[in-house]
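Features as listed in TrEMBL:
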| type | residues | note |
| --- | --- | --- |
| SIGNAL | 1-24 | signal peptide |
| ACT_SITE | His413 | active site |
| ACT_SITE | Asp465 | active site |
| ACT_SITE | Glu474 | active site |
| DOMAIN | 530-610 | domain 'Carbohydrate binding' |
Amino acid sequence: MEKFMRLVSMATLLLLLCFPVALASHDYGQALSKSILFFEAQRSGYLPHNQRVSWRANSGLNDGKASGVDLVGGYYDAGDNVKFGLPMAFTVTMMSWSIIEYGKQMGANGELGHAMEAVKWGTDYFIKAHPEPYVLYGEVGDGNTDHYCWQRPEDMSTDRHAYKIDPSNPGSDLAGETAAAMAAASIVFRHSDPVYSNELLTHAHQLFEFADKYRGKYDSSITVAQKYYRSVSGYDDELLWAAAWLYQATNNQYFLSYLGNNGDSMGGTGWAMTEFGWDVKYAGVQTLVAKLLMQGRAGRYASVFQKYQQKAEYFLCSCLGKGSQNVRKTPGGLIFRQRWNNMQFVTSASFLATVYSDYLSSARRSFSCASGNVAPSELLSFAQFQVDYILGDNPRATSYMVGYGNNYPKQVHHRASSIVSYKVDSRFISCRGGYATWFSRKASDPNLLTGALVGGPDAYDDFADERDNYEQTEPATYNNAPLLGILARLHGGYGGYNQLLPVAVPAPTQQKPVSTPKATPAPAWASIPVSIEQRVTTSWNSNGRTYYRYSTAVTNKSNKTLKDLKLTISKIYGPLWGLKKYGSFYSFPAWINSLPSGKSLEFVYIHSASAADVSVSNYYLA
């Protein structure tokens with residue numbers, strides 16, 4: 001639960017290409033399933049009927065009541081019972097980014113639905129916490145009184161005061177990060193639930209305006225957060241971060257201009273970082289802007305965006321040990337930044353390396369560091385090494401993910417998992433009684449906190465599995481959030497997908513239970529047995545504009561006949577041939593009523609923009 005920012009300087013770029021390496025070693029699919037399950041153990045509020053972590057029960061049911069607002073729901077941040085808004089919003093942003101990049105791989109593993117539910121549990125809470133355009137509740141509970149007690153969430157008798165920001169008490173970092181979370185999540189739900197997606201975008205716009213118009217650090221307004229989640233980096237990084245996500249979600253040129261015009265003054269082009277996390281967003285902003293540049297979406301800000309990109313690559317050079325100032329690593333090779341919950345920096349850095357590797361592969365380029373060129377495969381290998389260390393390939397042969405492997409932490413610094421389940425023994429656990437009976441107990445936790453990524457080893461790869469060793473044994477939601485994307489990517493292997501093409505998160509289908517991981521990777525179409533491939537067949541100029549003819553092939557990859565196909569097509573600005581439109585959907589043309597196994601249909605359209613977003617909304621296999 002702590003944080004610190006470090007500053008450095010810059011790096012350069014170059015061109016070349018190399019494809020990612022083959023992936024093997026651990027069961028990344030099983031690790032992904034467990035990582036998502038952890039978020040269900042962190043839920044606050046009324047638990048849903050499909051709750052899989054059965055030892056948890058309802059909690060925090062009066063949150064916000066004293067302030068006249070419903071704040072039931074959301075996530076506890078770590079091993080305590082406080083709902084801290086800033087790390088919770090970052091968690092949702094990173095889960096959403098993981099789905100945006102690797103939703104297809106999650107779908108193939110049967111986990112996309114669970115991942116989207118995890119995001120929605122957070123965004124549903126943020127909607128409640130944002131009752132007015134310029135009001136945002138940023139904390140429920142108080143870390144000081146909470147840490148004085150050791151109680152299950154179901155029993156907590158600590159203060160549940162709700163703290164907010166408003167124009168008189170601003171918090172641009174909190175509002176900006178929440179805007180980023182809502183914007184990123186709107187992309188996740190764009191096709192499966194467009195009404196909800198638009199609602200999230202409305203909140204994102206309002207929160208960005210609030211953050212930008214009434215500037216100030218949130219921990220100056222919510223002072224009880226200073227000891228636990230102090231905003232050391234200020235709020236400029238969150239404003240840029242929010243603008244980047246809003247541009248990704250809306251394609252609104254205002255946000256592109258915001259990034260271009262404020263990059264220098266707000267540090268986007270100036271800060272070269274060796275850290276990325278819930279407090280310091282610069283490396284994340286720089287990675288997103290580099291993606292825009294490689295997509296050809298920088299417009300007249302290309303020269304500014306190149307400076308963002310240089311800083312993104314500086315960060316990666318430092319992680320690889322090829323920069324002018326490199327991150328510290330343990331003798332076993334793990335990134336090490338601080339004693340308290342170091343693992344948060346490991347997963348966030350590894351996520352940026354993973355996505356940047358795929359951006360480079362898609363753009364067919366590489367870059368250079370002070371110590372030489374870097375190919376995409378090197379970044380992916382770095383991320384895989386860090387993940388393998390987490391999962392047990394380390395000097396102690398310890399898995400730092402609870403429930404994965406044979407040797408993992410058994411005495412986790414976590415109130416709910418360390419106390420007998422409310423469903424097993426509903427007798428009240430008092431504030432200090434929990435310390436006497438359960439905290440000091442030298443035995444394994446009665447409840448398995450499956451998928452939780454704990455703080456991890458020290459600078460010398462040493463680790464003590466003891467409940468009072470909070471620096472090493474406490475988990476956190478923001479440790480797991482970036483890990484979802486990396487694990488999905490590693491499990492999915494390299495399938496020739498292009499991370500620079502428009503995003504279309506597939507709709508979730510049947511989900512598999514966490515206890516039965518697949519023995520072999522599922523085919524890429526296991527979740528949705530319909531592939532969609534688009535290509536430009538020709539282009540021409542007319543009246544100063546370039547027009548493109550796109551050919552789109554829809555293929556039935558199943559072994560059954562495809563019927564009742566419904567496609568959702570957005571971002572299309574010209575005529576389309578080869579499909580029939582029914583309201584907001586497109587379906588088979590009049591001369592086709594089904595598609596046999598292995599067969600394809602083709603439709604074409606023309607417009608002067610990049611490829612439209614095409615996704616499957618409904619189908620039936622006979």
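Cβ from N, Cα, C; glycine included.
On a predicted model such as this, the values are computed, not experimentally measured, just so you know.
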For this session: For Glu474 (active site), just count the other CB atoms lying within 10 A of its CB, please.
Result: 23
Exercise. What are the DSSP helix/strand/coil residue counts across the domain 'Carbohydrate binding' (530-610)?
Worked result: 0 helix, 51 strand, 30 coil
Problem set entry | Glu474 (active site) versus Asp465 (active site) - Cα distance in angstrom | 10
For this session: Can you check how the pLDDT averages out over the domain 'Carbohydrate binding' (530-610)?
Result: 83
Exercise. His413 (active site) to Glu474 (active site): how many Å between their Cα atoms?
Worked result: 5
Exercise. Among the active-site residues His413, Asp465, whose Cβ has the fewest other Cβ atoms within 10 Å?
Worked result: Asp465
